[in-house]
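Visitor: Before I ask anything, here is the structure I am working with.
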Amino acid sequence: MSAPHAKLPGWVDYGVIPLVNLVVAFLVAGLVVLLVGESPIRAAALLIEGAFGYGEGIGFTLYYATNFIFTGLAVAIAFHCGLFNIGGEGQAYVAGLGVAIPCLWLDASMPWYVVFVVVIFGSALMGGLWALIPGYLQAKRGSHVVITTIMFNFIASSLMVYLLIDVLKPRGSMSPETRTFAEGGHLPKLDWLFGPLGIDVGGSPLNLSFLLALVVSFIVWVIVWRTRFGYQIRTMGFSPSAARYAGMKEARIVIITMVMSGALAGMMAINPIMGEQHRMQLDFVGGAGFVGIAVALMGRSHPVGIIPAAILFGMLYQGGAEISFEMPQISRDMIVIIQGLVILFAGAMEHMFRPTIARLFTSLGGGRKPQPATATE
Amino acid sequence: MEFLDTLIVLLQSTIRVSVPLILAALAGLYSERSGVFDIGLEGKMLGGAFAAGAVAAITGSAWLGVLAAIVVAVALALVHGFASITQRGNQIVSGVAINFIAAGATVILGQAWFHQGGRTPPLSGGARFTTIDLPFAAELADVPVVGAIYTNLLSGHYTLTYIAFALVPFTWWVLFRTRFGLRLRAVGENPGAVDTAGISVIWLRYRAVICCGILTGIAGAYLSLAMTAGFVKGMTAGKGFIALAALIFAKWKPVSVMYACLLFGFLDALSIRMQGHRLPLIGEVPVQFMQALPYVLTVVLLAGFIGRAIPPKAGGTPYVKER
């Protein structure tokens, strides 16, 4: 995304301005807390204590963050191509099939690592397929990907409700979910990794898919910044006409990017299904697809920014649950407000404070050379 | 006769569920025709529904509730306007943000003020709308066919229902027969030309966004004051997006918007009625299929298989005056 105003050094552009936007979003959220009659400072203290104060809390924070890394990367890669994929929610939901079906099929006969490999491909395939149609329609028929992905979220929701109630539910069961998987459908937890650090994540559902998320983040970085196709994606996003003049195949780039985006969103399904619940439940995505939008905007669509942004939202989810114990007025829905405010200030109004900061910067004698050492990117 | 009665009951519930869709879709029409895309219809409706429920519960007046709904929805619309017109931000991103803020804030504030799990207190008496009977409805009830249609289908709706249907020709008139409407459409197609004619693009778009806020506010008030008695958490349940789909389905034309909303409303009413019933040849149609049908139809339309939906040309792009 291009900057319409005066040029600023990288660390201001990628460090100071997003930080200011974020702080403003949280200040407004603090006002809401104040309006409800609670102390924002105490809420913040509870939040941090609940998210990082003890081992299990850290485990939960990173468990939620895993979901948001996947969905954040999904939104980000589409952003680089100038596409806005709001369909992460639906793509992840449908991708649940790519996780649940191999698990139901192989869980008793195969060890978890075989199932895991099948599930990675299965979820990416199903998520990718669900994004393929909007991508194809955008590239070939000119229908806007934003609208079609919104529609596909609703279609996915109806489809999955139907499948869970009428097809996948074991006979005689009342709740709309698959049966619980056997041992082969359980991902190992990460106690062995955090134990030596003196952090006991025992009670939390943090599992191997967190490491998968980190690996996938690295792969996304390689694809977007170190391959020919990634260059094409970014060119397309920067200027479709430039891409056209350079002889790049627009339709192909759009379709493949959408499929990759859907595949990334789809892999999110591994974490709750195979990592925590060991079965597929109704509405297991729980809004993570939409959190991905906030995460991608906050992380400036770069894996290095997305991982901390995802952890921040993981912290909000985990710490938010903690707050609602102490302050019954502030339920989980507070996170939805914060999410909206982050999207508003870091996304839609990202340039609001830019002129002020630019003026401040020049008045502080900022004509000097930028210091690359402090660059946050 | 039994068939006619069933049909009338079905059509009556079609009208009931179509009203919020019509209001929200017309709201989107003003905004999108002026070049400001709005996927925040859902959030504004929800905010309006909450404000209406809360104020009506406190004051006991349904009309004050409507007023509050309009104020809140317009405020949210102005946030969208500020982000997308003045700040030239991404209109889709801003719309998404509005939806989340409304979804979260209505529950948090509702819980803090009323302590009923995000609901507003149940409304009764003057705090909610009651249906009104058109003149001679009772006398005509016994006349065959005509009486049934007049008494059961046309009469016996809420005031807001009649207002919603009256707004359809009114919107057509505003858009296609007034100077404001001409400029509004022009600013959505070619803002540069409007600017050259010495008319403020920014002020025009702000007015369009305010119109959008007013109508989404009324739509929200209908949900919490007429259709049900009070606000319930997340009560819009995707209606804002169905309205958006209807707007696209109708190719941004007011009268077609009404028909699209009635069609989607009919599908909704039909799916409720068909639950558990079996159709000849097909068997039982899953209710989820009927719920997904509006979205599927919109995608098929967007794909260009039934006509072509071409949005306003300048839609989605902020206007930058040449320097």
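Cβ atoms are placed via backbone N, Cα and C, with glycine included.
When I checked TrEMBL for this same protein, it listed these features:
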TRANSMEM  A:16-37  transmembrane segment
TRANSMEM  A:58-79  transmembrane segment
TRANSMEM  A:112-133  transmembrane segment
TRANSMEM  A:145-165  transmembrane segment
TRANSMEM  A:206-225  transmembrane segment
TRANSMEM  A:253-274  transmembrane segment
TRANSMEM  A:280-297  transmembrane segment
TRANSMEM  A:304-323  transmembrane segment
TRANSMEM  A:335-353  transmembrane segment
Visitor: Let me spell it out: take the transmembrane segment (A:16-37), skip the flanking residues so only those 6+ beyond its ends count, and list any with a Cβ under 8 Å from a Cβ in it.
Guide: 8, 43-44, 298, 300, 305, 329-330, 334, 337-338, 341-342, 344-346, 349-350, 352-354, 357
Visitor: Under 8 angstroms, Cβ to Cβ: which one of A:58-79, A:253-274, A:304-323 has the largest number of such pairs with the transmembrane segment (A:112-133)?
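Guide: Most contacts with the transmembrane segment (A:112-133): A:253-274.
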Visitor: By Cβ distance under 8 Å, which residues at least 6 away from the ends of the transmembrane segment (A:145-165) in the same chain are close to it?
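Guide: For the transmembrane segment (A:145-165), the list is 78, 83-87, 89-91, 93-94, 96-97, 130-131, 133-135, 137-138, 176-178, 258, 280-282, 289.
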Visitor: Between the transmembrane segment (A:253-274) and the transmembrane segment (A:304-323), are there three or more C-beta pairs closer than 8 Å, counting only pairs 6 or more apart along the chain?
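Guide: The transmembrane segment (A:304-323) and the transmembrane segment (A:253-274): touching, no.
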Visitor: Does the transmembrane segment (A:58-79) come near the transmembrane segment (A:304-323), with 3+ Cβ pairs under 8 Å (pairs 6 or more apart)?
Guide: yes
